[in-house]
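Asker: Let me give you the structure first, and then I'll get to my questions.
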Amino acid sequence: MRMKSFSLIFFFLQLLAWPCNGFYLPGNYMHTYSEGESIWVKVNSLTSIETELPFSYYSLPYCQPQGGIKKSAENLGELLMGDQIDNSPYKFNVNVSESIYLCTTKALSEHEVKLLKQRTRDLYQVNMILDNLPVMRLTQQNGVTIQWTGFPVGYSLTGSNDDCIINHLKFKVMVHEYEGKRVEIIGTGEEGMGVISETDKNKMSGYEIVGFEVIPCSVKRDPAIMSKLNMYDKIDPTICPSELDNCQVIREQERITFTYDVEFVKSNIRWPSRWDAYLKMEGARVHWFSIMNSLMVIFFLAGIVFVIFLRTVRRDLTRYEELDKESQAQMNEELSGWKLVVGDVFREPSCSKLLCIMVGDGVQIAGMAVVTIVFAALGFMSPASRGMLLTGMIVLYLFLGIAAGYVGVRLWRTIKGGSEGWRSLTWLIACFFSGIVFLILTIINFFLWGSNSTGAIPISLFFTLLAMWFCISVPLTLLGGFLGTKAEHIQYPVRTNQIPREIPARKYPSWLLVLGAGTLPFGTLFIELFFILSSIWLGRFYYVFGFLLVVFLLLVIVCAEVSVVLTYMHLCVEDWRWWWKAFYASGSVALYVFLYSINYLIFDLSSLSGPISAILYVGYSLIMAFAVMLVTGTIGFLISFYFVHYLFSSVKID
């Protein structure tokens with residue numbers, strides 16, 4: 001029977017983790033291109049794992065499109081992530097392989113040379129997009145093929161102070177030939193909705209773009225000869241030079257020629273599967289090891305909770321209820337452990353308003369996290385839709401203000417016994433977490449503005465976020481608070497004495513035990529945390545949301561069990577100040593999350609350079625750790641509150 005139960009649990013976990021194996025809804029609808037149709041490559045911000053500061057593609061002296069630079073429409077998430085998508089002069093004709101001349105720059109100035117060299121040595125990557133697919137570069141290391149998104153601005157010559165710029169690109173566009181006979185298609189391209197009518201059925205056959213790869217080269221050319229050509233003139237195919245002496249060196253007064261080759265290759269990959277190459281899941285065994293490790297922790301803690309409930313608490317309560325009134329009165333004088341604090345266990349905690357605020361905000365963030373992870377695991381927030389994940393999180397957070405206000409005010413009424421002061425409480429709930437995040441982002445933004453990075457939030461977006469905050473989140477939080485005043489507050493099962501009971505002296509500080517308890521939830525979380533940090537700071541795609549959903553559920557269970565065990569232990573030593581300790585017993589995991597983030601900075605991002613990059617990293621790590629504290633602390637506190645309420649509702653002491 002026990003093996004059967006374990007098998008069912010394992011099957012359930014595997015079912016939850018299943019979406020991570022590549023199931024997703026593509027970010028835009030299929031676009032079929034006809035033979036010879038012109039398609040344009042777009043460029044995103046230049047990025048680097050050395051500095052983590054994105055810059056505009058046209059901040060470097062690259063060729064510009066003939067009609068001028070035009071920005072693509074960007075969603076809220078893209079703007080916050082520092083994406084700046086522009087048009088480019090790179091033009092392909094579908095299924096036509098050719099070699100094209102783009103332009104020859106003016107003589108490089110001292111400033112341009114310095115900037116190019118700096119971007120090259122900081123390992124900046126150029127990011128291009130074709131039909132919503134990022135360009136991919138394949139390299140060989142020790143016989144293993146490694147794939148990268150983007151290609152470097154240039155490279156430094158070994159044994160020399162010179163740097164070479166990437167000025168020739170060999171593109172490979174993989175297309176799937178689509179036959180549309182007797183089929184009517186309704187779909188959208190990047191330009192909007194389009195319906196294929198009956199008269200267009202003879203034109204329905206075409207090509208879908210299913211892959212976009214590049215081989216970057218540095219080729220030295222004679223600018224005097226090349227400058228006589230016009231943009232998009234055809235040239236002879238170029239072979240990437242193997243000798244470093246033939247590369248285009250970055251130096252003052254040098255004129256750089258930009259060219260490219262494009263080759264179209266037919267592929268059997270179908271359009272819905274074209275993102276599979278980007279979303280190859282690595283380290284699946286590591287994820288499963290993390291889950292099994294968490295399950296062992298859960299079963300261990302569940303055993304302790306089982307002992308507490310069935311062998312200790314139930315035994316004491318049963319024996320107590322079987323006594324007559326005279327025997328109960330005599331036993332009351334001989335009570336020990338948690339039964340001694342029956343008159344103080346529901347005494348108002350210190351800083352009760354702050355506790356209500358943090359629990360309310362914790363509910364709001366937890367709700368946002370659950371809905372986001374579930375939708376992402378089901379494939380509704382594909383990385384094909386850049387910025388959609390962050391946009392969805394912000395929208396969910398704004399609308400879940402109603403839950404934060406309701407829970408915070410209802411807890412306030414339970415503690416105080418009335419609704420007085422609920423308006424100021426809801427204002428503080430609406431402004432506490434959001435205000436701290438805005439403050440940290442503003443400080444970071446001042447540094448990003450000073451460095452002219454595209455990662456800086458524009459002033460207009462700042463005011464947009466503030467308007468969304470005050471026009472959506474704050475009113476909904478107030479509405480939730482109002483509903484909380486109408487809901488019946490939770491009645492305490494026992495009366496509170498007027499004079500607080502003295503707490504016996506401890507051999508060791510209780511906070512030491514509380515801080516140590518955070519290691520158990522952290523053990524559940526830290527492997528997924530590594531993959532999440534790698535996704536954020538190393539530019540890797542994170543798409544194992546099925547595993548993340550399982551890990552989040554396990555984290556909730558561990559937090560609940562840890563808080564219940566710690567709360568019971570404190571009550572057993574006659575420490576009735578359990579409120580904050582229940583919150584921080586599971587919330588202390590945030591301390592370990594932040595310390596792990598610093599460890600990741602030192603050992604995995606050791607190449608990160610400059611104080612601005614470090615400030616950026618530490619600032620975002622603080623926001624993440626603070627959010628984790630509110631979520632895990634709220635889970636632990638609410639479960640502990642229910643446990644204490646249930647425990648003392650069974651006690652009959654006058």
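Just so you know, glycine gets a Cβ as well, placed from its N, Cα and C.
TrEMBL does not curate its annotations; it predicts them automatically.
Not my notes, these are from TrEMBL:
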type     : residues : note
SIGNAL   : 1-22     : signal peptide
TRANSMEM : 288-310  : transmembrane segment
TRANSMEM : 354-381  : transmembrane segment
TRANSMEM : 387-412  : transmembrane segment
TRANSMEM : 424-449  : transmembrane segment
TRANSMEM : 461-483  : transmembrane segment
TRANSMEM : 511-537  : transmembrane segment
TRANSMEM : 543-571  : transmembrane segment
TRANSMEM : 583-603  : transmembrane segment
TRANSMEM : 615-648  : transmembrane segment
Asker: The transmembrane segment (387-412) and the transmembrane segment (615-648): do they have three or more Cβ pairs under 8 Å, with pairs 6 or more apart in sequence?
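Answerer: Per Cβ check, the transmembrane segment (615-648) does not touch the transmembrane segment (387-412).
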Asker: Short question: which residues 6 or more past the ends of the transmembrane segment (387-412) have a Cβ under 8 Å from it?
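Answerer: For the transmembrane segment (387-412), the nonlocal Cβ contacts are 27, 74-81, 83, 352-353, 355-357, 359-361, 363-365, 367-368, 371-372, 375-376, 381, 419, 421-422, 425-426, 429-430, 468-469, 472-474, 476-485, 487, 489-490.
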Asker: For the transmembrane segment (424-449), give me same-chain residues lying six or more residues beyond its boundaries with a C-beta closer than 8 angstroms to one of its C-beta atoms, as numbers and ranges.
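Answerer: Contacts of the transmembrane segment (424-449) (Cβ under 8 Å, skipping residues fewer than 6 from its ends): 53, 353, 356-358, 360-361, 364-365, 401, 404-405, 408-409, 412, 455-457, 462, 465-466, 469, 473-474, 477-478, 480-481, 612, 615-616, 619-620, 622-623, 626-627, 630.
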